[in-house]
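Features of the protein shown, as given by Swiss-Prot:
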BINDING   ARG22, GLU85, ARG124, LYS458  (6S)-5-formyl-5,6,7,8-tetrahydrofolate binding site
BINDING   ASN230, THR249, ILE251, THR254  K(+) binding site
BINDING   230-235, 249-255, 274-277  GTP binding site
BINDING   SER234, THR255  Mg(2+) binding site
DOMAIN    220-379  domain 'TrmE-type G'
Amino acid sequence: MEFDTIAAISTALGEGAIGIVRLSGDEAVQLADRVYRGKKPLQEVPSHTIVYGHIVDPKTDEIIDEVMVSVLRAPRTFTREDVIEINCHGGLVSVNRVLQLVLNHGARLAEPGEFTKRAFLNGRIDLSQAEGVIDLIRAKTDRAMNVALKQVEGRLSTKISSLRQALLETVAHVEVNIDYPEYDAETMTLDMLKDRAQFVRKEIDKLLMTAQQGKILREGLSTVIIGRPNVGKSSLLNSLVHENKAIVTDIPGTTRDVIEEYVNVRGVPLRLVDTAGIRETEDIVERIGVERSREVLKEAELILLVLNFGEELSKEDEALFEAISGMEAIVIVNKTDVEQKIDLTRVRELAAGRPVITTSIVQDQGIDELEAAIASLFFESGIESGDVTYVSNSRHIALLEQAKRAVEDALEAIEMDVPIDMVQIDITRAWELLGEIIGDSVHESLIDQLFSQFCLGK
């Protein structure tokens, strides 16, 4: 497949030691040679070699920058095209001047994700691996990065391909049965079809069992801190983040809006939201914050309900318990450094079996227990780091669920003695749906949409 030559800055913009301008395409080496000056032309440099030289404007002979240039020839590159990486001095000016010179001499500015898109279109990676690259870039914890890295390496692709192969072999047997009915192989084929379908359904179930944990690792666990004003919600946020992100005072209603922060809790990424204290108020600004808090609460996957150890349970506290009925929650009784007035027995009754943790945030007590409770609530046996293949992408999860339904339709048809060619339709449908995960059968508009999520230069 032939493409034009593209270029982009592949390092983060801003001050730094090194900035890299990446080129990819059939003319990448020749184009770079137009602006490079070194001991010998880049076209004479062996593949996978880095050389020293200068980037020079050929029109004026002005030296733009002192550089190291990596020469990487197809097909042993990420895009399976010729690739040039110009290592410039970091900073906005030097890297942009080199990029502009390259663009002026024939390269096209790459679209977001276009390097990875070419790797996909040229068969270097499949679609699930490409999506793993996005997850790797966006990973918020080491565990999330490890899950993404396994996807980039093809762990999920291998699993999906093996399931598709099992279905394909089954379809092939069915077609032989249909084309050569004189061999009377229908009973054998139906038995085989049932066994294969049950095997594929079981393997899909195994993948879907990792979906909740995988999605949390990929997207973060939507966690909302709620409670009456001045019970220590903002102090809790600051303690978990290990920074002063929220204003902490003794004045009720200090937090008037929703504050959101990513937090790494024992390998679990939390999208932690500190809400305005939920109470009736005449303050217009605070009232808006309270309404936003109620909206955020509806979408939360985990609630951290904070109570005051030094105050009796109020009607507002009991109303909050009612508001989170049936939701995953941890109850935090804060301010154990003051005299106890709260009825902990009643708190545990209202918690209805959910964890109750006592803390004194000002004395840094109870935070370890809280973090352990959060991690165990969603990763009861810990976060697997071995051979587990996590499914973390919403698109993959939806396709696996659809493929499972198609397989179940086939099994139901077999039990009802439906003609074998009708059963084949469901099996083929499952095969196609699994193919969409790795990009074997997917619409071009979806491909464009997926790669548009990438940053420039990747």
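Yeah, the Cβs are placed from backbone N, Cα and C, and that goes for glycine too.
Predicted, not measured: the structure shown is a model, and the values here were computed from it.
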Using DSSP with the three-state reduction, classify LYS233 (GTP binding site) as helix, strand or coil.
-> helix
Out of ARG22, LYS233, the listed binding-site residues, fewest other Cβ atoms within 10 Å surround the Cβ of ARG22
Find the average pLDDT over the domain 'TrmE-type G' (220-379) in the predicted model and report it.
-> 78
Fewest other C-beta atoms within 10 angstroms, as judged across ASN230, SER234, which are the binding-site residues | ASN230
